[in-house]
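What follows is a single structure, written as structure tokens, with notes after it.
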Amino acid sequence: LQGTPVNISIGSHVWVEDPASSWIDGQVIKITGENAEVQASNGKTVSTSLSKIYPKDMEAPPGGVDDMTKLSYLHEPGVLQNLATRYQLNEIYTYTGNILIAINPFQRLPHLYDSHMMIQYKGARLGELSPHVFAVADVAYRAMINEGKSNSILVSGESGAGKTETTKMLMRYLAYLGGRAATEGRTVEQQVLESNPVLEAFGNAKTVRNNNSSRFGKFVEIQFDRQGRISGAAIRTYLLERSRVCQVSDPERNYHCFYLLCAAPTEVVEKYKLSKPNSFHYLNQSNCYELVGVSDAHDYLATRRAMDIVGISAQEQDAIFRVVAAILHLGNIDFAKGQEIDSSVLKDDKSKFHLKMTAELLMCDSAALEDALCKRVMITPEEVIKRPLDPHAATISRDGLAKTIYSRLFDWIVDKINVSIGQDPNSKSLIGVLDIYGFESFKTNSFEQFCINFTNEKLQQHFNQHVFKMEQEEYTKEQIDWSYIEFVDNQDVLDLIEKKPGGIVALLDEACMFPKSTHETFAQKLYQTFKTHKRFIKPKLSRTDFSIGHYAGEVLYQSEQFLDKNKDYVVAEHQDLLSASKCSFVSGLFPALPEETSKTSKFSSIGSRFKQQLQALMETLNSTEPHYIRCVKPNNLLKPAIFENVNVMQQLRCGGVLEAIRISCAGYPTRRIFYEFLHRFSVLAPEVLEGNYDEKIACGKILEKTGLAGFQIGKTKVFLRAGQMAELDARRAEVLNIAAKTIQNQIRTYILRKQFIALRKATIYVQSLWRRRMAFKLYERMRRENAAIKVQKNLRCYKDKKAYTRLRLSVLVLQTGFRFLAARNEFRFRKQTKAATVIQARWRCYRAYSYHEKLKRASIVTQCRWRGRVAKKELRKLKMAARETGALKEAKDKLEKAVEELTWRLQLEKRLRTDLEEAKGQEIAKLQSSLQAMQSKVDDTTAMLVKEREAAKKAIEDAPPVVKENTVLVQDTEKIDSLTAEVENLKVLVFIQSDMYSQY
């Protein structure tokens, strides 16, 4: 049901699409041509086309409706909102006509399934009580008893939606209705339920969406005698996913039984030479080996106990697990190229070990097993030829043998359970409960998804036919014309898949019969054959993938493994090998074939056998009266109270619920009994109610006045076409708006008159209060002015006194500062004068000492020179006296003595001169150091004088004029000049003295 400009206007409450929550409600705020802007409830503004807007029923019950055919607007968002509302109230069951939608609560609700509930629903008509799985089972049972016709209940849904639990509840209720005395201590219903752990161990596996997904279809036939009591039961299985035995995708798991056996007690594991699951090729293709919260060891023991209950003996159990272990060992046999062309041999010792273990467990000859895997026998009229297989072909042969063994083992277990339960060959009535996997669409979709979706297409066609039939019965019951309503069918998709010749299954079988066919040639054949088919789509970016437009949406399939997974023929060598097994159990799985077929490998395919089983299932369903239960998984977290809109909407689409809605919308989706219609739309024609007309006539007059076309009036209901309910609501809203405006005008007049009178009375009262307030304020102002004058007087007095005190303190501070400066200057002057006096005294002492030393050295020099001169004179006299003969020697001696004495004196003089030079050098060094010290003191004194002058100038400049300026006598400069002159004189004297010494 789409919105139209007629029933969508500004202010209308509508539903718009939302990527996060599928649909979100909002209100139209603007309409521009064919587009509208909607203010969504999440605060966002959405702009979309009017054709994509759905009206929202604002008068829907807050707890939802138990039958969605009662919805005013039967469309996707209305259905989704109704289911979400009921789910939040733990109302997990909802009808859509006679179809039951069951949402998995992921929690125990024991009050819904106790004996009290069974008593309530026993004999109640469908719709009389709240929706329940017991109601569907009761209707099927009553129809079987009253009409004598078999009924079936189809339970569908994706993994984790609760199909198995729903099936258990159905069988519990049927056992309650048609129970009988226990057989061997157990009822038929108990025996069927007790078989579930066994079937789950060998037929269930972990998938992406569920940890315990059934990988086969199960049809439980509960047989009844003429008195309506259960007389027997049978379990029919369909479409086991055989390819899972050899190929597992990550993060899925293989069938549970393999992991249970690996977790068995130690003696069992050692008996079959097993180890951890990651050591087996058929299990380690995925990295998932354990399930959270599940103990495989505990489940192994539970499975063995369940086998005991269903009548499988200990010897048969041992044989079953021996076959399972053999399949694991068989998967570890690898092949390598042989010496001959296109031949193969065992790859290594590990493969030989696993081959030996497989042969021991299957109780057959290991050499014969190796030949059966690595060779093929070709029979010609002339001779029998053994043709070797290459490693790839040998691997395919190995996997084919594993799949065949497991498939026949599963079929044997089902047959054994049926024998244990017991069947009634004389039963004419039965109720079948079908539990089968739902529509699947993953990132990678292979042959298994193709077969599963093919099954769901078949079931959907059956479902559509049933829904259309129910619609016809409703229209016939109400005696309205429905001949022009078209039936929505999916026959074109079924023809695309199964039609002979030319269907996808037929083309796949044809490709499998040609040895050189590959998935590329198969895909090209599909592209050529179905290039004009509207349901077949060729992807642009792939050369081997293809898409099919199913009823639930488009699914992209990858054809890489279609051919390998479709091949299902039993190789003659495998048949001969296992039929000759020394184990009676294994040989029983492979009974001997007739002579004419035992020597050849007759081709058969999974697809063809799948189609045959599906056809047999459809024939069984067509022979019964169907009832439908659609199970829905509300979230992928498997937690209660979480409802994911997008996830649920996809499941409703895959489960065909939305398809049923489309069928209803093709006819008269909105139906209202006369009383409800009059109660809701009598405002469109009030005169009809005043005329005391019959309800049916009154409804007709209302519809005629509105001008709608295409509606029908039945015996008890009004049937409206898609969109008419929204148009009636729009007109009703318009009438109610006009009436509301009239009422609002009167109410507003009354309210405004009442407000005016109250306002006038209040104004008079307020005026009196205000005048009194003004007089009070005038008195208060005068009183404040008088007080302010007094405050100002005291404040001025305080401020003046405070200013005087501050000025007095400032003067005292300045006087103290100037006195301090004067005293400090006087102290500095006296200190500097005393220092200058000390320096002068030291300098005069030094100068006198230097002068004395200089005179001392000069007198010594003078004495030496004088003595030399006297000695020369004496020598001259001696020389004159020596001329005399007698006195020559004496004179000579005297002269020699005088020379020696002079020589000694000269040496002494030299020594003295040397000592004098050393003393003079030391004295010069001392003088230089004293000079430097005095120079540094002079520099410091000069710097201090400069600073003092600057400080004095600054103090004088900063001093106020009242201070008297005193003259400061500065005498240090003259003293410094005199000291400098004396230093220069000393330098001259030192230089002269140096020259004098250098002359010596």
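Cβ atoms here come from the backbone N, Cα and C positions, even for glycine.
No curator has checked TrEMBL annotations; they are predicted automatically.
Residues or ranges marked as domain 'Myosin N-terminal SH3-like' by TrEMBL: 9-58. Summarising the annotation, TrEMBL assigns domain 'Myosin motor' to 63-733. Annotated ATP binding site per TrEMBL: GLY157, GLU158, SER159, GLY160, ALA161, GLY162, LYS163, THR164, in sequence order. If you look up TrEMBL, you'll see 614-636 marked as region 'Actin-binding'. Annotation comment: TrEMBL describes 878-912 as coiled coil.
Each residue in ASN104, ASN210, GLY438, CYS631, LYS633 lies on the same chain as GLY157, GLU158, SER159, GLY160, ALA161, GLY162, LYS163, THR164 and has a C-beta within 8 Å of the C-beta centroid of that ATP site, without being one of the site residues.
The region 'Actin-binding' (614-636): residue composition by secondary structure is 9 helix, 8 strand, 6 coil, according to DSSP.
The Cβ neighbour count for GLY160 (ATP binding site), using a 10 Å radius and every protein chain shown, is 20. If you draw a 10 Å sphere around the CB of GLU158 (ATP binding site), it holds 23 other CB atoms from the protein chains shown. The domain 'Myosin N-terminal SH3-like' (9-58): residue composition by secondary structure is 3 helix, 30 strand, 17 coil, according to DSSP. Between the candidate binding-site residues, GLY157, GLY162, the densest Cβ environment within 10 Å is the one around GLY157.
Model confidence over the region 'Actin-binding' (614-636) is summarised by a mean pLDDT of 88.
Here the Cβ of THR164 (ATP binding site) has 19 other Cβ atoms within 10 Å, regardless of which shown protein chain they belong to. Taking the Cβ of ALA161 (ATP binding site) as reference, residues of its chain lying under 8 Å away and at least six apart in sequence are, in sequence order, ALA102, ASN104, GLY438, CYS631, VAL632, LYS633, GLN651. On its own chain, LYS163 (ATP binding site) has VAL155, SER156, GLY157, SER214, ASP435, CYS631 as residues at least 6 apart in sequence with a Cβ closer than 8 Å to its own Cβ.
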